[in-house]
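What TrEMBL records for this protein:
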| type | residues | note |
| --- | --- | --- |
| DISULFID | C213-C234 | disulfide bond |
| DISULFID | C312-C333 | disulfide bond |
| DOMAIN | 64-163 | domain 'Ig-like' |
| DOMAIN | 167-262 | domain 'Link' |
| DOMAIN | 268-357 | domain 'Link' |
| SIGNAL | 1-18 | signal peptide |
Amino acid sequence: MLLLPLLLKATLLRMVNSYHPFYNGFYYNHVMNDDDNGNEKVVDFNGVRLVVETSKDPIYSFSGVNVTLPCHYHHEPESEAKHKIRIKWSKLRDDYTKEQDVLVAIGKTYMAFGDFQGRAHLHRAGQREASLLISDVRLQDDGKYRCEVIDGLEDASDVVELRLRGIVFPYQPPRGQYSLNFHEAERVCQEQGSLIATFHQLFQAWSEGLDWCNAGWLADGTVHYPIRLPRKPCGGVHLAPGIRSYGPRHRHLHRFDVFCFSSRLRGEVFYLEHPTRMTLEEAKQACQDAGAEIAKVGHLYSAWKFHGLDRCDAGWLADGSVRYPIAKPRPNCGPTEPGVRSFGFPSKGRFGVFCYKER
């Protein structure tokens, strides 16, 4: 009785551990011939074509929630599947090469892999559906996914994109401007409860108003900065608004700031004050005494963006910086635009503190 599950698991793993792109253990169902005009055309062996369709528009979501990536299949001309349908979901890089396996399925049995174990499930609400349900969405789930369907010798696939709604914020560490190589930039974003931003995320932030004159790393190893109001120190007054690019940079040798990306919080950010204010160490302890932790920079930006956090009092954050969020600009609270204000990284001083508590 143990033999069948073992054989099934071995078959599922063989679908994943392939050296050839999108190879599934079977030969493809068509060949490429030239038509009378010299153009390639597809010729199906059995006259029936398998068609896989996903959403042409991106699927938007937030971290911490569940999301379904739609995928449906059918045959042209219409016919019933002759074999047990096999389904494979993969996460792709921006150039459409495979980054990681997500899930494979044969019939009603499926297996998820890596970070998707326990979170990726096959969703089949209707006939000929092969949708992917991802629970407890994480920041790193953002990206492109391929849905591949195999019916005997027939094989077809399509790609759908999952985009997380969030906020991009520029970051530089206590040691100052342009001090991060690429790998350090990745690490500091993670330390602040976020991930290094993609170009698409930076472009979206620019379209929503982000204007920043310091260049920063992005997830693909390129360096950019977003300009809404052209000015002399930021590429010149004669260039149109847009994303300025330094292109790919050496990931070890070159140093810049970084753009980080955070999504909606699972908890809440709140402000604690003390009659005599607090040092950084006292602030950390105060948050612990309140059953929370000192907030990270990503926490504060997310609370400001998604929960309208507005506090005209500066407070410590986990990285040793002092900041405060303003959703409704007013006198004596900084510039006339909403945003997160920064006092930098004071070596001395006493302030309140922003704490973060998971729900």
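Any Cβ shown, glycine's included, is placed from N, Cα and C.
TrEMBL does not curate its annotations; it predicts them automatically.
The disulfide-bonded residues in question are C234, C333, and the one with the fewest Cβ neighbours inside 10 Å is C333. In the predicted model, the domain 'Link' (167-262) has a mean pLDDT of 96. Residue counts for the domain 'Link' (268-357) under DSSP, helix first, then strand, then coil, are 21 helix, 26 strand, 43 coil.
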